[in-house]
Every structure is written in structure tokens, then in C-alpha cells.
């Protein structure tokens with residue numbers, strides 16, 4: 001969905017959003033944060049250990065991000081840049097591009113790259129959500145360490161307080177300045193709450209899902225599209241994802257390519273627009289982007305991500321540091 005949304009923008013075409021505030025790409029990001037909040041909270045509940053939690057999150061995000069960043073800067077960049085190799089590699093912009101690997105900020109531009117594209121200079125615009133994701137991982141970790149996740153009503157109170165501020169005080173529905181961290185953080189927290197209250201809805205998911213859709217629909221009809229999304233979207237998404245059907249089970253057989261697709265799609269699309277232009281049927285451009293992105297995501301999973309995640313079960317060489325910090329030695333991470 002993000003790829004389709006970006007295809008319009010990167011080809012210089014107009015995409016019609018939802019209620020004038022959310023594009024379909026934003027809808028997909030909301031879904032991603034819901035699922036992320038649900039699964040990351042599940043991970044903490046299964047193993048509430050700060051060090052191992054942070055290691056797992058780092059292994060999931062950083063290795064593949066490092067590879068795509070190097071490919072963008074050292075392979076695609078010099079090939080498509082309007083600058084010569086010497087000027088390209090000596091540019092401060094080239095060196096600054098790697099600050100994305102800090103996970104706290106994102107660099108979007110490389111020297112002379114995609115200068116003449118309809119959406120100029122942006123190399124990998126999708127990565128802007130990664131610092132937000134990392135921020136909410138840390139919030140969840142702090143909540144876990146402080147015992148908030150064991151007292152789920154405190155977590156619910158925190159969610160309602162943030163929602164009241166975002167929609168009541170900040171007036172997110174009409175404020176021209178988006179507060180992305182709070183907006184997507186609410187979807188992340190909604191997923192976390194669905195995990196914490198799983199015993200409440202697991203036996204009555206159809207009824208709860210119907211109520212979510214009903215009240216979300218009422219909010220949409222009242223003109224509150226963002227609030228409607230927060231009410232109506234998370235529950236049904238998780239309930240569907242928890243359903244065991246042949247179609248859903250078949251999605252993961254080739255590996256989990258979701259993260260790879262997310263971090264490669266924008267770069268692939270910009271490169272194809274640079275090479276092929278924007279003439280011709282939109283569907284053909286979209287199909288080419290889907291095929292190349294799918295291949296890159298598949299390779300990323302099998303060559304980078306899966307191997308990095310396998311390190312979770314390897315005893316770290318810095319076990320002595322863990323002993324100093326925690327006073328005990330854990331059998332494995």
C-alpha cells in the first residue's frame with residue numbers, strides 16, 4: 001500500500017487521500033505501527049529482559065538498514081548522480097547520508113542524485129518512520145522496566161491521556177502541522193494494548209471488531225477521520241492477523257519480506273523513474289516497481305535479515321558486561 005501511494009507521488013501524479021488528512025500510504029503506516037506495537041509487546045511479555053529486548057530490536061532493524069544505505073550511497077548514488085565520482089564521494093552530503101544508521105535521524109539526499117525526477121533529490125523517503133519506531137520501542141522498554149506493562153490499566157490510562165492531548169488540545173484533526181510521533185505512536189500503543197488485553201477480546205473478537213468498525217464509522221461520518229481510524233482500524237487488523245486461514249498462512253512461506261519491501265521500495269521506484277521516465281501506463285510502472293522491490297526484499301530477508309536474527313540465539317561476547325550491569329549471567333539472548 002505504501003509502494004502504491006508513493007508511485008503516484010514519485011511519478012508526479014495526484015493521489016487522493018482519506019478525509020483530506022491521510023494518504024493510503026499513511027494508512028499503511030498506521031497498520032504497520034499497530035502490528036508492530038502488538039508484536040513488540042508480545043516479545044517483551046515473553047522475555048521481559050531489557051538487554052535481550054534491545055538486542056532483538058537492533059538485529060531486526062539495523063543490519064538490513066545498513067545494507068540498503070550502503071547500496072543507495074555506494075552503488076545507486078554514483079551511477080545516477082550528475083556529479084563525477086571524485087566530486088560525489090568527496091561531498092559532505094555523501095558522508096552525511098550515513099547518519100541514518102544512528103536510528104535517531106534520517107538523511108534523504110545524496111549529491112546530484114535524482115535531481116531531475118518529478119520528486120527530486122529524495123533517495124529513500126520511507127525511512128523517516130524508523131526513528132519514530134525506535135522511539136516507541138524505547139518507550140515500551142521503559143514502560144516494561146517500570147512495571148507499567150504488568151499494570152495494564154496504567155498503560156490504558158497513558159494511551160487515553162495521549163489521545164486526549166493529541167485530539168483535544170493539539171487538535172490533530174485540524175492542525176496544519178502534523179505531530180507524526182504522537183499520531184503513529186497512538187497506533188503503536190493501540191497494538192500494545194490489544195496485546196495486553198488479549199484475554200478480554202480473544203473469545204469475542206467478532207463482537208469487539210464489529211463495535212470498533214461501528215464507532216469508527218460514526219467518527220468518520222462526524223468528520224473526524226483520524227480519530228475514526230484510531231478507533232476502527234487496530235482491532236480488526238489484529239483480529240484478522242490472528243486468524244489462522246490458508247491464505248494468511250501462505251504469506252510467510254517465502255520468508256518475511258515486509259521490512260525489506262519497506263526499506264527498498266522508495267529507492268527502487270526513484271531509480272526506475274530515473275531510468276524509464278514517467279511516460280506510459282501507470283500500471284506498468286507499478287508492476288515493475290513491485291517486481292523489483294519484491295526481489296530486493298526477498299534477497300534482503302534471506303541474505304541479511306534472517307541471518308542477523310539468527311544471532312539472537314548466540315551468546316554475546318560481551319557477557320561480562322551484562323554480568324556487571326545485571327549481577328547475573330543469562331544462558332542466551
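The backbone N, Cα and C atoms fix where each Cβ goes, glycine too.
Summarising the annotation, TrEMBL assigns domain 'Acyltransferase 3' to 2-300.
For the transmembrane segment (20-40), the list of distant contacts is 1-2, 4-6, 57, 129, 133, 136-137, 140, 173, 184-185, 187-195, 225-226, 229, 233-234, 237-238, 241, 262: same-chain residues at least six beyond its ends, Cβ to Cβ under 8 Å. According to TrEMBL, the transmembrane segment annotation covers 20-40 (among others).
Sequence-distant contacts of the transmembrane segment (61-80), counting only residues of its own chain at least 6 positions beyond either end whose CB sits under 8 Å from a CB of the stretch, comprise 88-89, 94, 97-98, 100-101, 103, 110-111, 113-114, 123-124, 127, 130, 133-134, 259-260, 263-264, 267, 271, 274, 300, 304-305, 308. Annotation comment: TrEMBL describes 61-80 (among others) as transmembrane segment.
Below 8 angstroms of C-beta separation, residues 29, 32-33, 36-37, 40-41, 44, 48, 50, 53-54, 57, 61, 65, 100, 103-106, 108, 155, 158, 180-181, 184-185, 188-189, 192, 263, 266 of the same chain, each at least six residues beyond the ends of the transmembrane segment (127-146), sit close to that stretch. Summarising the annotation, TrEMBL assigns transmembrane segment to 127-146 (among others).
Residues annotated as transmembrane segment in TrEMBL: 153-172 (among others).
Listed as Cβ neighbours of the transmembrane segment (184-201) (distance under 8 Å, sequence separation of 6 or more from its ends, same chain) are residues 29-31, 33-42, 45, 129, 132-133, 135-136, 139-140, 149, 152, 155-156, 158-159, 162-163, 166, 208, 230, 233-235, 238-239. Here TrEMBL flags 184-201 (among others) as transmembrane segment.
Residues annotated as transmembrane segment in TrEMBL: 208-233 (among others).
Sequence-distant neighbours of the transmembrane segment (282-304) (same chain, 6+ residues past either end, Cβ-Cβ under 8 Å): 3-4, 7-8, 11, 13, 63-64, 67-68, 254-261, 263-265, 268-269, 272-273, 276. The transmembrane segment annotation in TrEMBL covers 282-304 (among others).
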Looking at the domain 'Acyltransferase 3' (2-300) alone, can you tell me the average pLDDT?
92
